[in-house]
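Residues annotated as transmembrane segment in TrEMBL: A:6-23, A:43-67, A:73-93, A:114-134, A:154-174, A:181-205, A:235-256, A:268-286, A:329-357, A:377-395, A:401-425, A:457-484 (among others).
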């Protein structure tokens with residue numbers, strides 16, 4: 001067997017073993033299976049949070065953007081970890097006490113408005129689509145890397161593979177084993193990194209520290225300074241991107257519902273700490289791939305012009321492995337981790353998106369008399385439709401994986417985050433404020449492509465990937481102003497907020 | 001009893017006395033630590049560039065990494081974990097205290 005077939009073999013083995021382990025687990029505990037698998041304690045809950053979070057953006061995109069931008073790209077690392085602080089302290093346990101598990105459901109209940117539900121559902125579906133597009137780009141790149149076919153064809157293969165995997169897993173009724181998924185992702189990312197550090201002669205036991213020396217070598221021997229702050233962007237760019245990713249975290253549809261799979265609030269809170277630690281393990285490591293990639297490139301005398309570097313950036317993790325002469329099976333392990341992360345993220349998001357179509361749009365708004373099987377049919381059909389839309393978008397991705405993902409975060413941060421925040425912490429916020437807020441948030445998110453040409457100032461204040469630094473506060477102000485100008489929400493809701501959400505221990 | 005007491009209106013900036021006030025105090029403390037350390041550091045780094053302080057940040061090495069790179073890339077994720085632990089620890093205490101106050105077992 002040559003290296004490439006080893007790689008493909010390992011990837012297939014990992015994906016099939018997820019199905020087999022799932023089947024085994026299912027036959028053993030078919031009755032206990034609940035919303036997100038069985039309860040496995042705070043550490044297990046943390047692993048579930050982390051595996052749910054890991055996607056092609058974390059495993060492929062992050063290395064790519066740091067490879068291109070150095071310090072400027074650390075905004076992604078920090079934005080995608082710091083968001084959990086906001087989520088934990090401002091929203092998690094309070095929304096849990098409120099008792100609604102998805103953003104559209106919360107917004108519809110809190111603001112008592114079908115229009116708000118409609119908008120929130122559309123926004124949630126939009127977020128899922130954009131987020132999935134980034135995953136499909138990652139899957140397409142990995143398929144084109146492994147099979148040696150061109151990108152467009154690889155995206156089609158990848159899309160077909162994801163959908164058939166979803167159908168098979170759905171037909172077999174396989175529960176997702178989140179703990180095993182996290183373990184696979186973590187090992188498949190860090191073991192190849194240790195191999196790389198060892199191969200290049202750096203401290204390999206903790207490559208997260210070992211890459212420091214590689215940075216010094218790059219600077220000393222090749223005059224490439226990776227670490228200089230604010231060279232490939234401005235302070236405003238850094239801060240606005242970081243802030244956008246943080247507030248977006250709290251609004252992502254598939255992140256919020258994680259808090260309800262743990263039986264009590266206290267364990268739910270502590271599992272966030274573990275989840276954040278498991279996420280940080282990957283994020284501490286991602287810069288190392290970028291640094292080693294740069295180093296190998298200059299050592300072998302390759303100096304890519306910027307456009308070419310940008311084209312290959314999302315694959316830099318894989319390319320670095322190949323350039324270093326990593327054995328095929330280990331490249332396979334690396335690819336398998338990234339691919340399973342992307343696969344399961346897509347699976348989760350397509351299913352949440354489809355559930356939103358069938359419940360929030362179809363059942364709650366179009367046909368309240370629909371029975372279980374009608375709703376199931378709508379959900380299945382809309383999974384395929386959503387996958388089709390994502391596939392079309394992924395054929396012409398407009399940016400790097402992390403940039404596409406950041407747009408999803410900007411949308412969530414500009415629309416859902418202010419509604420959740422004020423919904424919990426200010427009982428005077430009413431439905432008119434909510435609807436106005438979502439509309440303004442949508443405008444902020446897409447201000448650059450829509451109006452940036454006519455009003456350059458808008459393009460500067462609301463950059464596509466980082467519009468929430470100015471957007472989220474603006475939306476909050478609009479919500480406050482509109483709510484104060486219209487009549488307050490019903491007393492029942494205000495009492496509920498006072499006594500149940502904020503008064504459970506009075 | 002001609003007038004019902006004026007109702008409390010939920011507001012993050014004017015928390016209700018009791019559990020909520022303690023909870024909000026912790027939240028604001030954590031948010032302060034979150035914002036100042038994350039964004040404050042970047043602002044210092046950008047505005048003090050070229051001064052002795054800026055040179056100290058970019059030219060001191062810690063674990064082979066320049067201090068500012070170590071701070072953002074390695075320490076900040078750790079700092080977020082510390083903040084979450086602090087918040088959880090405080091909230092466990094607060095919940096326990098107020099559960100005793102109303103003589104209810106801790107959930």
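Keep in mind that glycine also has a Cβ here, set from the backbone N, Cα and C atoms.
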Any residues 6+ beyond the ends of the transmembrane segment (A:329-357) with a Cβ under 8 Å from its own?
3, 6-11, 13-15, 18, 51-52, 54-56, 58-60, 102, 104, 121, 124-125, 128-129, 131-132, 135-136, 138-139, 142, 145-146, 161-162, 165-166, 169, 176, 181, 184-189, 191-192, 195, 253-254, 257, 317-318, 321-322, 378-380, 382-383, 386-387, 390
With the transmembrane segment (A:268-286) as the reference, which stretch in A:43-67, A:154-174, A:401-425, A:457-484 has the largest tally of C-beta pairs below 8 Å?
A:43-67
Give residue numbers and ranges for long-range contacts of the transmembrane segment (A:6-23): same chain, 6 or more residues beyond its ends, CB-CB under 8 A.
146-147, 165, 168-169, 172, 174-177, 180-181, 184, 188, 327-329, 331-333, 335-337, 339-340, 343
Can the transmembrane segment (A:401-425) be said to touch the transmembrane segment (A:377-395) if we require at least 3 CB pairs below 8 Å and skip pairs under 6 apart in sequence?
no
Please indicate, using numbers and ranges, the residues of the same chain that are 6 or more beyond the transmembrane segment (A:377-395) and have a C-beta under 8 Å from a C-beta there.
125, 128-130, 132-133, 136-137, 140, 152, 155-156, 159, 162-163, 166, 346, 350-351, 353-355, 357-358, 362, 370
Take the transmembrane segment (A:73-93) and find every residue of the same chain, 6 or more past its ends, with a Cβ under 8 Å from one of its Cβ atoms.
53, 58, 61-62, 65-66, 237-239, 241-250, 255-256, 259, 265, 268-269, 272, 275-276, 279-280, 283, 286-287, 290, 402, 406, 409, 420-421, 424-425
Can you say which of A:43-67, A:114-134, A:457-484 has the most Cβ pairs under 8 Å with the transmembrane segment (A:181-205)?
A:43-67
Could you pull out which residues elsewhere in the chain have a CB under 8 Å from any CB of the transmembrane segment (A:457-484), counting only those six or more residues past its ends?
236-237, 239-241, 243-244, 247-248, 399, 403, 406-407, 409-410, 413-415, 417-419, 421-422, 426, 428-430, 432-434, 436-437, 440-441, 444-449, 451
